[in-house]
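These notes are about the structure you will find just below.
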Amino acid sequence: MAHPSTYKPSTGIERWFDSRLPLPRMMHDQFMVFPTPRNLNYWWTFGGILSFMLAVQIVTGIVLAMHYVPTPEGAFDSVEKIMRDVNWGWLLRYAHAVGASMFFLAAYVHTFRGLIYGSYKAPREILWILGVLILLLMIATAFMGYSLVWGQMSFWAVTVITNLFSSLDTLIPGLGTTLVQWIWGGFSVGARTLNRLFALHYLFPFIIAGVVILHIWALHIPGNNNPTGVDVKTPKDTVPFHPYYTIKDGFALVMFLILFGVLLFYAPNFLGHADNYIEANPLQTPPHIVPEWYFLPFYAILRAIPDKLLGVIGLIGGIGVLFFVPWLDTSRVRSTSYRPIYKWFFWLFVIDCVALGYLGSQAPEGWYLFFGRLGTFYYFAFFLIIMPIVGLIERPKKLPGSITQSVLGPESKRPTETPPPRTAATAGEGVACGTLSTFAAALLAALAVPGAAFAEDAGNGHGSEIKAQEWSFAPPFGHYDRAQLQRGYRVYKDICANCHSMRLLSYRNLGEPGGPEFSEKAVEVLAAQAQITDGPDDKGQMFQRPGRPSDRFRSPYPNDAAARAANNGALPPDLSVMAKARPGGPDYIYALLTGYAPSPAGFEMTQGMQYNKAFPGHQIAMPNPLVDGVIPYTDGTKPTVDNYARDVSAFLMWAAEPKLEERYKLGARIMIFLLVFAVIMYLSKRAVWARLHRRDHADAT
Ligand code: HEC
């Protein structure tokens, strides 16, 4: 809002600066004293949260980029190396990955807030359009970032999504194919594609930051909208941004960080997909290709439309239509609160988006496809038909005379006695609590969708025979059982290592804190038990030597073909991150190892395969590796298949998450800090807003 500057430089340096580059003046006018409607609720705090998340993504991303290797051979392992060997690398990587989800969560809440309160309507059209542009850039950025992991899911997501451009072939033959190959830099997704995705993924956040500055600029011309949608009329309708909203936004940010922290420290892979812990394999398509949760509604739209080109248009149109909302909405009032008919259509639209998100995670068949089509129809009908028509025919409810009136009630009901029965602060508080619970419910709903998808996933194929086991490392306070990991290593070494490599682990890891914690001497002995082919020596000959602590857990086979030949055509997968690469993790591995059984009558077995209750499809090429008593245990644990399976599963969990204990420990400290901080922020917020209530009271008497 244009208003005369109230900045008064008090020192010589400030005056010197002010006459050359009046940046402090701008900060003072735009962020300290900026007049802000007094009735903004917690939905308005997401703007600040989003700025914070952009900073988190940029800062963590820059450091990640210092360690990341953008080549098909190096990408997957470099990400794992960051998680294992870079100081606090697991924190950076998980903060960045979970951060992307939190960023989208906040962006969607922010967008829906704009829709609920008509923040797109004149004079805020450009503000809104810039916001949609930011959302588009975020989608592109997240998509490219996801691909960098170079896991099965991200590789195939890039392949499928970039391939969509080939649908242009139906318009001009050859156009689409040419475009796709140009994007790929070749005839398939490969080294060049990855490199350019990396370059652009690094660039885009800074473009986003630029558009964010324009977005805030465009916000500060008309000033904030507010829950009533009524314009600011007198200075009494507003409060200075600082301290009223700095403190309120601060409190909301801490609450948001608590949710972020829970995911980051205790369930960092909850929103991800197990398949992405399998290195990309261009020769093997995963059975279900699903995008990250935040793209699911758009993915549902894409697949609901039978024609490929129209599907792509639907996908793009799903976001593109948002650009036109300022003109599609014909209503005279802004806020849905005063729109008795539109309100219902609007909340149905919200439900529709959540439903589309769920449908996007399901195979498009039968009822799923039917509802996907219905949901897609409603999605577009809402914008293109309902918005313009309802706005014309609906009679809005009576608007409050002013923002102040909406908070304090009409003049006659103004409190005149001390103490006032219902003050601005307490009224604000009531609204705040109500909104906060809606907000919490919305967050939960948003999380429930991928959650349901996740549960569903565990139920498909893998999950049928998998029971959750009790593990010592369960969140939030668990830790690995050293003795169990040491036994697990024995099982791995004596049995599994005959076929499986663990290329991301070195013998030295066995002695590191948070793992089996073998003594330094023991690690040297264990390493020396391995025969390592090294070389070439001075004469160009390869030679054998005993292993050293820095050596990796190598494959017993010289190459994959030899491994396949020895295993009935199946390749024993590397076990380094196996405990994260299957839904169910250690529960699945335990179920697999204890799941061998004679095949049921009538079940047709292929030659050389074993029946297994937990393996998807129930036919596995791995012979039952465990028999009671094959490995003597020296610590009194019974040498049974059940214990072997349990111990080796725990060992593989540690191999996949070697920093789990560090993560829980840091998590506990940060969560305690955040909870205490939240209380302090809440009390400060109350204290600050009480000033406003005293002002109102003084005005009234
Ligand atoms: C004789 C060689 C051999 C031994 C010993 C062996 N495996 Fe395997 N393993 C295989 C082969 C081959 C496959 C691939 C099976 C397939 O795809 O059908 C496999 C697959 C697996 C899988 C992946 C299953 C999936 O969902 O795709 C796990 C987990 C596994 N093995 C764990 C172990 C563990 C733990 C041990 C030690 C207790 C072990 N294996 C011992 C050969 C072996």
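Backbone N, Cα and C define each Cβ position, glycine as well.
TrEMBL: automatically predicted annotations, no manual curation.
Residues or ranges marked as domain 'Cytochrome b/b6 N-terminal region profile' by TrEMBL: 13-228. Taken from TrEMBL, the feature transmembrane segment covers 42-69, 90-111, 126-149, 156-184, 199-219, 250-267, 309-329, 341-361, 367-393, 666-684. Residues or ranges marked as domain 'Cytochrome b/b6 C-terminal region profile' in TrEMBL: 231-401. Marked as region 'Disordered' by TrEMBL: 405-427, 534-555. Here TrEMBL flags 483-638 as domain 'Cytochrome c'. Summarising the annotation, TrEMBL assigns heme c binding site to CYS496, CYS499, HIS500, MET622.
Annotated features taken from TrEMBL, shown on the structure.
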| residue | record | Cβ contacts under 8 Å, 6 or more apart |
| --- | --- | --- |
| CYS496 | heme c binding site | LEU575, PRO625, VAL648 |
| CYS499 | heme c binding site | PRO556, ALA563, ALA566, ASN567, PRO572, MET622 |
| HIS500 | heme c binding site | TYR492, SER555, PRO572, PRO573, ASP574, LEU575 |
Any idea of the Cα spread of the heme c site, CYS496, CYS499, HIS500, MET622, as a max distance in Å?
11
Same-chain residues at least 6 beyond the ends of the transmembrane segment (341-361) with CB under 8 Å of its CB atoms are 112, 115-116, 290-291, 293, 295-301, 303-304, 331, 368, 371-372, 375-376, 378-379, 382, 386-387, 390-391, 393-394, 445-446, 449-450, 452-453, 456
Paired segments the transmembrane segment (156-184) and the transmembrane segment (90-111) in contact, 3+ CB pairs under 8 A
no
Considering only the recorded stretches 126-149, 199-219, 309-329, 367-393, 666-684, state which has the highest number of Cβ pairs under 8 Å to the transmembrane segment (250-267).
666-684
For the transmembrane segment (367-393), distant same-chain residues with Cβ under 8 A (at least six beyond the ends)
297, 300-301, 303-305, 314, 317-318, 321-322, 324-325, 328-332, 339, 341-342, 345, 348-349, 352-353, 355-356, 359-360
Excluding the flanking five residues on each side, which residues at least 6 beyond the ends of the transmembrane segment (666-684) place their CB within less than 8 Å of a CB in that stretch?
91, 247, 250-251, 254-255, 257-258, 261-262, 264-266, 476-477
Any further residue of that chain within 8 Å (Cβ to the Cβ centroid of CYS496, CYS499, HIS500, MET622) of the recorded heme c site:
ILE495, ALA497, ASN498, PRO572, LEU575, PRO625
Number of Cβ atoms other than its own within 10 Å, given for MET622 (heme c binding site)
20
Per DSSP, how many helix, strand and coil residues does the region 'Disordered' (534-555) have?
0 helix, 7 strand, 15 coil
Against the transmembrane segment (126-149), which of these stretches has the most C-beta pairs under 8 Å: 90-111, 199-219, 309-329?
199-219
Chain residues outside the transmembrane segment (309-329) and at least six past its termini with a C-beta under 8 angstroms from it
111, 115, 118, 120-122, 124-125, 128-129, 132, 135-136, 139, 164-165, 167-168, 170-171, 297-299, 301-303, 376, 379-380, 383-384, 387-388, 391
For CYS499 (heme c binding site), the three-state class that DSSP assigns:
coil
Under DSSP, is MET622 (heme c binding site) helix, strand or coil?
coil
Average pLDDT across the domain 'Cytochrome c' (483-638)?
95
